[in-house]
Every structure is written in C-alpha cells, then in structure tokens.
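In what follows, a single structure is set out as structure tokens and then discussed.
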Amino acid sequence: MRRGIVLSIVAVPLFFVCSHAQPVPKNWYQLDRGQDSFYGISLGKAYDYLREKKRPSQPVIVAVLDSGVDTTHEDLKHVLWRNPREIPGNGIDDDGNGYIDDVYGWNFLGGKDGRSIKRAPDERSRVYHRWKDKFQQKPDTTGFTTAEKEAYHTWLRASGELNFSAEEQMEVAILDVTCKALKRHDKVLRKEMGTEEFTCEKLEQFQPQTRTGKEAKLGYLTGIRLLGISASDRENESNASILNQLEEYVEGKKLSFESKDAPPRDPRADIVKDDYSNFNDRFYGNNDVMGPTPMHGTHVAGLIGAERNNGIGIDGVADNVKLMILRVVPDGDEYDKDVALAIRYAVDNGARVINMSFGKYFSPEKMWVDSAVKYAENKDVLIVHASGNEGYNLDVKTGFPNPWLKAWNSTATNFINVGASSDPKITGTITSDFSNYGRKNVDVYAPGVKMYSTLPGRNEYGNLQGTSMSAPVVTGIAAMLRSYYPELTAVQVKKIIEQSVLIPAPEEVSLKPGGDPVPVPFGNLSRTGGIANAYNAVQAADQAKKTMAKEIIHISSQQQTNQNNN
C-alpha cells in the first residue's frame, strides 16, 4: 500500500476522495467542455451532429467481459444480446456451440451444477505456489529451456512481491478493525431505522431514540469519515455497498498476506472442474451470467449502453447496442484461459466491440490470451481495455492483458488501453489520482471519477470510479462509430478515437498519479495526450467516410480508364 489507507481503498476502485466536493451532475462525463464546463465526452453534441446528418444506425453487439451483469435491471434488460439460435431453458445446446442455453452469453466461472466461483486467488499467489517446489532451492538454470527460464524469472518476481512490509500489514489490520466496528454499528442502525439499506445522508437526518442507537450513529459516521469518503459520495453509497466493498478488499489483502506460507484455496477444481492446463478443454461453465458478484459488471454495462431516452435511470453512451455478457472476473484475479475463451466466444457470436475492465500483473498463459486477441484482430473486432488503478507507469511495469503479441512479434492493431481522467470541479485536477499511465502503453484517457451508472437490484444506481469505468465510455464511443459508420474497420475506429481526443487546456492542473502529487503535463500520461470525445469522433468518422468514398470513386475511375485503354 504505497499511498496510505484511504488511497489504497480508492484504487480498488471504490469511492473518490477529495476536498473539492460540490454538486456535480450525475452525467457529468457525458457533458461538453465548452457548453457545460465539464471535461466530458460531448455526447449530446455527438448525437445532435448525427441527427443533423441524418445518419442511420444499425445494431452493434458489444461483449462485456466482466464479473457478471444483472439481466433483470430496468435500464439494461431491453438492450441485452439474446442468442438467436438458442431456445431458453430447454437444457439443449440448440446452436451446437458447446454451451447449453447460452441465451445472454456465458459464465466461464461456473460449474455444471449451477454454482459459480465468487472469490479466486490473485495470479501472483497462483504463480508462486505452482512453481515453488521446482524453483525455491535456487536451481542451476544453465540447462533450462527458454520457457523454463521465463517461468523461473516470473516466479522470482512473484516471490519478491509476496514479501509484504510491516507497514502494509498494519494498515490492513487497522482497516479490518474499522470494518468490524462499522458492521457492529450497522447492525444496530438497521434495527433502529427499520430498514436494511441507508445512506450516510439519511443516517445524519435520523434521530436515534436509544443510547445504543446514538452511539452506533456516531461510531458509524466517524468511521466513514476516517475512511475519507467524501460528502457527495455519502449521499449516494448505501451502507451495504460500502461494507461489502470494504470487507472484500480487506479479505483479499489478508489472503494475499497468508498466501506465501500456504497455497491459497482455489475453488476452480471444485466448481468449474475443467482441465485448466488443457486449452482444448473449453466446454465448461454455465449460463448464469449474473453470478454472485454482478456489481462491477452491471455498472460497466450501464455506462456502455443503458437504454437511452426511456425516462428512467441513466442514458448509456451508445444508443443501438446489444450487450453480450461473459462472466470471467471473480473477486481476485481472472484466469487467462477464461479470458481467451470469452474473447473467442464474443468474436464467434458477432461482437464488434469487446470491453475488458480488468487486469493483473502476472499472466502465465499469456499466449492463450494473445492468440485470442489476434483472432479478434483478424476478424475485425475492437478490444477496449482498462489500464488499471494502481498509479503505475505501464511503460515500466507491465500489465496484462496487453496488445504485445510475442509469438507474432507485433502489436495488436485492434487494442485500446484506457486511463481515467477527472474534472477540476470534482477533484481539483484533470487527472485521477489512481489511474495507470504511460506515454507508450496507455492510448487515451476517458472520464473515470464519480461515474453514475446501473447497479444490481432491478432499479438501483450509484457511483463507482476507476479505469474500469473509463474503458466502457470509450467502448460506448466505439460502438457508436460502428453503429453509425458500419463501413469503418476496427483499426479505423481505434485511430479515429485516438486522433479525435480533446486536449485539455494547458492551464489545467494535472498531477502524476500513484504517489506524491507532482504536477505533470497531461500530454505525458498517454500516447495521445487527450481525453476521448464522442463529438470529435463522429465528425472524424464522417470525414473518413467521405474520404473513403472519394478513394473508391478514384479507384473505379482508374479501373475504367485502364479498361478503355485495353
């Protein structure tokens, strides 16, 4: 925990912390810098432009590789992809693709008995214990194959990172005590208030009638403030949301601390029961695409394509999408095999854009994922990936998945890596304090702070933050382009998004993420130096379409001339 207790929690991502809290529109990330004074993506202007040009649109399938999605949500249920070749609930693999009743997608973390993996060990721990017996005695590597040498160096890195400092362990211990105290207060308050869920704002208005209730109210609000959760977020986050996320974070850290002494329990063998080492053993899982932990994925899905103009909830970025749900992310690190198979499933079932709001720093089966990314590239499918929330420079520390395809000695041309921007009215700076960055390995930024979207519960909504929320904003823009300009390829859409970014004004404060707040030019944090902008992108797409039409006319004219000469 390099940045202290509060910022470590924020990086999960949970809630944003700042001293600049003021009323902020829930859809600030869709607003326009010129018209609304927010560094959003100018979404309204983009749709005005498309209406003015009378551009027709066609449905675009977007695959959401995530933790699961609430398919009953009022703002999502009408925009879900439905497998046209599958008859729901008949227990038959109607389309013959190996996945029974895959109506909305597939759960690669499920078992045939209906169970699902909720929590999984981090990849670092899995790597360490996989090779511990072979490498811990410092073997002579002179006779190792290239693959064995790579495995050994990966194991050494995992071993080194599992040496946690006393400070890190103390911080988590304090968080653990705070979490337990909050849960005790929460139990009392739920009984006194006569409700299972409440926000801090509602609690502040509540007047307990008993001494125990008064003590619980004081203790709960004090604990929340010590965690650094801002006043604006206290208005929106429920007690259940705060406690669940805090508890998951603490438990995950405690498991990491214990993982060097004993192998962490991996539920895959008990639940999924596949032969993980065999990539051809791929017909596992179940069709429960919601799973036990759908909050993250539900929020991501809403940002991409929550039903627009229906008078409820929120409007997603894209207006003509079908969301394919592929569950591959547990609490903990995803498995490379699941990610690779989910990408291939998405491509084979018609997805034009794939959103991947997850990542890790060890990838022992990267070759499987690379092969799937290459498959998507060959099939003209765009992949949008969240860069991560640890404040790392990805030009120095490698994150996974990434576009470098080692076996092909090339960089995937269909892969966009997205960092998280903010707004001075929210955090005082144009940058978030958690986003990974890199002049070479982060392509664009997009809003990722105080992001309001769908949450599990049929009609629930709330704020989350992280690059996990930035990626779906870019995915939504990409889906718009592929919907209104279907002739554009994945590579062209990527280039248009990157070349049409909004460059922040030079006077805007930009701080380097991940440590002390050091001012840095925003342009130094990514390849493009800008924030994705839907209005600029549709204008650029329109121009690209005209250019393509002229080139086609020119080529046809040349061909006709050649025929006449012959």
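Glycine is no exception: its Cβ is also placed from the backbone N, Cα and C atoms.
Features reported for this protein in TrEMBL:
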type     : residues : note
SIGNAL   : 1-21     : signal peptide
DOMAIN   : 60-501   : domain 'Peptidase S8/S53'
ACT_SITE : D66      : active site, charge relay system
ACT_SITE : H296     : active site, charge relay system
ACT_SITE : S468     : active site, charge relay system
### Message
Let me spell it out: for each of the active-site residues (D66, H296), count the other Cβ atoms within 10 Å of that residue's Cβ, using every protein chain shown. Which one has the most?
### Response
D66
### Query
Between D66 (active site, charge relay system) and H296 (active site, charge relay system), what C-alpha distance do you get in Å?
7
### Query
Reduced to three states, what secondary structure does DSSP give D66 (active site, charge relay system)?
strand
### Query
Reported as an integer number of Å, what is the Cα distance between H296 (active site, charge relay system) and S468 (active site, charge relay system)?
8
### Secondary structure at H296 (active site, charge relay system), reduced by DSSP to three states
helix
### Summary
Counting every protein chain shown, other Cβ atoms within 10 Å of the Cβ of S468 (active site, charge relay system) number 31
